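Working notes, structure below.
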């Protein structure tokens, strides 16, 4: 029967298990260090955002207080100006004798009947004259708003004005079509940040201008800024959680794959001497047959 070298098998298993243990230990230590570093960086970013938020609140409070002070000063100035105007121009009756003169005029009119007829005739004449002149003034007031421009310039002469087709260019002449083409793979992966979509615009002299279509309230040439209480603050792209994926990759599946690979190598190492063993067994069997035949 075939003698299996158990000592060699144990040596191979020990060496392979040592390699697996060292590999797993080193990978775990590296991943823990990376995770700790990422946590420190994220803590620093969150601290910076909190500090920026506090500064923004302080700036808003200072601005509101300053506006209140300015409004109070303006009201005080208006009140003082009103008091000075009241002191310079006191309330007085400009025509104190007008009330006393009216009864005298009525008495004089009632005393002279001939003057009443003259006054009535003159009033009818003035009323007719005003009635005849009223349509003219109405027509003037109606046409005035149509001719006055916003700049105060006189209206243009209708005879000198030309057709609008010959003087004013059509708005379609000023419109230019902008081509938006998708970017190359290198720009798609690295140019636009925070999930932005990259586009390229062909320019003159065979040059290409790249732009980003931002999402999630990001702004900027490369979508690197985000609105924070009305202001745009630089917000770098968040690091992807590759540590968790690395933990999964370098844990049980990798160990299983390495173990299978090591077992395969051990099987190849152990079974490569099988043909020699079989050849020896066959030779021994033939030798026994010859011995029995001779006997």
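Any Cβ shown, glycine's included, is placed from N, Cα and C.
Per Swiss-Prot, these features apply:
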| type | residues | note |
| --- | --- | --- |
| COMPBIAS | 124-139 | compositional bias 'Polar residues' |
| DISULFID | 183-198 | disulfide bond |
| DISULFID | 192-212 | disulfide bond |
| DISULFID | 214-223 | disulfide bond |
| DOMAIN | 179-224 | domain 'EGF-like' |
| CARBOHYD | 188 | N-linked glycosylation site |
| CARBOHYD | 205 | N-linked glycosylation site |
| REGION | 215-245 | region 'Interaction with cni' |
| SIGNAL | 1-26 | signal peptide |
| TOPO_DOM | 27-247 | topological domain 'Extracellular' |
| TOPO_DOM | 269-295 | topological domain 'Cytoplasmic' |
| TRANSMEM | 248-268 | transmembrane segment |
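In the structure shown, the C-beta of 188 has more C-beta neighbours within 10 angstroms than that of any other entry among the glycosylation sites 188, 205.
DSSP assigns residue 212 (disulfide bond) to a strand. Annotation note: residue 198 (disulfide bond) sits in a strand segment as assigned by DSSP.
The secondary structure of residue 192 (disulfide bond), as reduced to three states from DSSP, is coil rather than helix or strand. Within 10 Å of the C-beta of residue 192 (disulfide bond) there are 26 other C-beta atoms, taking all protein chains into account. Taking only the Cα positions, the spacing between residue 212 (disulfide bond) and residue 183 (disulfide bond) is 10 angstrom. Residue 192 (disulfide bond) and residue 198 (disulfide bond) are 6 Å apart (CA-CA, integer value).
Residues within less than 8 Å, Cβ to Cβ, of residue 214 (disulfide bond) and separated from it by at least 6 positions along the same chain comprise 192, 194, 196, 220, 223. Sequence-distant neighbours of residue 183 (disulfide bond) (same chain, six or more apart, CB under 8 Å from its CB) are 191, 198, 199, 200, 210, listed in sequence order. If you take the Cα of residue 205 (N-linked glycosylation site) and the Cα of residue 188 (N-linked glycosylation site), they are about 23 angstrom apart, rounded to a whole number.
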